[in-house]
Amino acid sequence: MLDLSVYSSQQNQQLIDSTDWNVLETEFDPSRLHHQETVFTLGNGYLGTRGTFEEGYPHDSPATIIHGVYDDVAIASTELVNCPNWLPFVVKVAGERFRMDSGEILHYERRLDLRLGIVSRDVRWRSPAGHTVEFHFERFASLANQNFLAIRCQITSIDFEGDIEVEVGFHPEPRTQGVKHWQTLKQGGLDNLIWLHSQTLHSAIEFGMAAKLIVEGEETASVCVRQGEHHHSTLVTTLQVEPEKTVTLEKIVTLYTSREIPTPAEAALIRLVAAPSYSTLLAAHIAAWERVWQDSDVVIEGDRLSQLSIRYNLFQLLAVAPRYDDRVSIPPKTLSGFAYSGHIFWDTEIFILPLLIHTQPALARNLLTYRYHTLRGARRKAQEMGYRGAMYAWESASTGDEVTPRWVPGPNGEQVRIWCGDIEVHINTDVAYAAWQYWQTTGDDEWMRDCGAEIILDTAVFWESRVEWNQQRHCYDIRDTIGPDENHDRVDNNAFTNVMVQWHLQTALALWDWLVKSYPDTSAQLAEKLYLQPEQMELWGDIANRLYVNQDLATGLIEQFEGFFNLEDVNLADYEPRTKSMQGLLGVEATSQKQILKQPDVLMLMYLLRDRFDRKTLKTNWDYYSPRTDHSYGSSLGPAIHAILACDLNQPVEAYTHFMRAAMVDLADVRRNAHEGIHAASAGGVWQAVIFGFAGVRMTNFGPIACPNLPPNWTRLKFRLKWRDEWHEFDLTA
Ligand code: BGC
């Protein structure tokens, strides 16, 4: 059991301000630098920038990651790269560089304003020479204008009279976890502008960035270009201050890549020269966030930590969802870290999309269209592996080809074979499931006709070639797979996969009927393109009816895969307290021989296909599988799903425990790995836990209805959902 007192610690109280919209940090703690860089990440649907301080520290890990900017790398084949850093902003007070690890910090507060999408910081600092100055930094990545970024710095002298020098620039060739990906083609500066033109080493994506420095209200202050370290151009100005005088500096940055425009450096310069003022940019940015929150906010009363954390999770997802690009998707760590190389998993479709489908459908459509554009890669994969139709990559990048590493170095230098790319095939149905959910909720027939139908049908064709007829049992098998619980690989008849495939084939048939009736021309074209025959449709129905699932008819208990019940049973409580996953503790091989789940598998199925399982069956399977699941250090995808099912079973207190573990995963660094980046799937699960768990929302033919089961301390829960062009407002009490 999770000790909930963790969340009411002083540290977490400091997280919240009186408005429930601000994440606060009241102390500069170098030991938490990397975790807090993740927490203070900003994004605008185009890029993400970690919350690294402008002045830079020796062990910091700045990162700006742009959707779709992948480059080749060993092992993972391709990775999202760390783009040139736009933050550097150095201030010298009487020649002494401002840095919080020297001199004295007299006051410190950093905040992430979730409502406005702004990170700001107030520091009162005494330099080693004894000069006292106050800094107010704020920055944003414009949501209104995705190619604009800005930093404003206000410096107030308390007792200092003399020169303050400010130097701003870029770091042009940052490495990505030690790997070099950039070459600078050209860089320079003129008047109060600097620019950079660079290119990724292998994928040859060009990158252009430009910046200017404005000294607000100081007509006489001059800004000049300096050749800084390593011959990089920077912009420099020197200002005279005296006690009580405030100077304001603004660094405006524009950036493009050749993914959007053929000449990105030129575009960055042109946009910069004609850039609106900082205040105008800021006003548009704030207005854009306001529009987003109007539809996606969730209000919780009675529990301020839940309120702040749900908003935090929503913020990070809304900040990463691409606005103008349907050839990219959301990586497991958003654009805030490099774990998983920025590859795309089922995390997007199953965990993140529901929020967007129900509150920002245009963004959901972009993400699903990514899967349409990557169908070709999925077809190549099917063909390479000897199957027909489309087989989505377990890990996907720009083209949809499989990019899961096959071998990774193990803890003792040995090579460990990773099978997910070959056999974690449930991804195929996960994508189809999300496409179907989108259509059911939005009624977007056009998208289903033009994109969704091809996805759902061609992935169904794959299943037809993947299943095997078992003559002895007179049923179909799906052998050698990995279900969601990756502690067990190379298993036969994983129940999650098999039942989802049943659903998939039945759904494909229903969809085909609709398409033939509503759009006969499209159905004829698709039949030709995908070689669909009438007999095939019959076969789909037959496979769906006869896929093997081992379920005890008396109790309803489902075996996770063939032979799971024969594995050694262990009591997870015997291993407490621990700070590692069970797999980390026992090793890969030993864990695979035991009934220990990394994340829900049968229970995941019961959540996705809620209407197919009654409460008694759910209860039986919950009682069996939940105690065998590594809730604390298994997959971060699990806790939110357990929270929802616990609500279904009328266990709001247990649900709340799971919910908080998910909701606080990054803010409180519950799993001690937040430094690697935001847990995007968990964030999406948090929204689902509130809406489908605590609010008990179910979709009916007449729209969504709620059957709330609120945690004891929640006095109000308020949100809205869009269903077929109409908004439904929910305002629930216990
Ligand atoms: C989980 C997968 C997940 C992936 C990326 C793995 O540890 O088992 O379900 O898709 O992480 O988040």
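The backbone N, Cα and C atoms fix where each Cβ goes, glycine too.
Automatic prediction, not curation, is the source of TrEMBL annotations.
Since we're looking at a predicted model, the values are computed, not measured.
What TrEMBL records for this protein:
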| type | residues | note |
| --- | --- | --- |
| ACT_SITE | E486 | active site, proton donor |
| BINDING | W346, D347, K598, Q599 | substrate binding site |
| DOMAIN | 25-259 | domain 'Glycoside hydrolase family 65 N-terminal' |
| DOMAIN | 311-688 | domain 'Glycoside hydrolase family 65 central catalytic' |
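Every protein chain shown contributes to the tally, and the Cβ of D347 (substrate binding site) ends up with 26 other Cβ atoms within 10 Å. Apart from W346, D347, K598, Q599, the residues listed for substrate, the same chain places the Cβ atoms of F345, P484, E486, S635, L637, G638, A681 within 8 Å of the centroid of those Cβ atoms. According to its DSSP assignment, K598 (substrate binding site) is coil. Cβ neighbours of Q599 (substrate binding site) (same chain, under 8 Å, six or more residues apart in sequence): P484, D485, E486, T629, D630, G634, S635, L637, G638, I641.
Put simply, the two farthest-apart Cα atoms among W346, D347, K598, Q599, the recorded binders of substrate, are 16 Å from each other. The average per-residue pLDDT of the prediction over the domain 'Glycoside hydrolase family 65 central catalytic' (311-688) is 97, rounded to a whole number. Cβ neighbour count for E486 (active site, proton donor): 20 (other Cβ atoms within 10 Å of its Cβ, all protein chains included).
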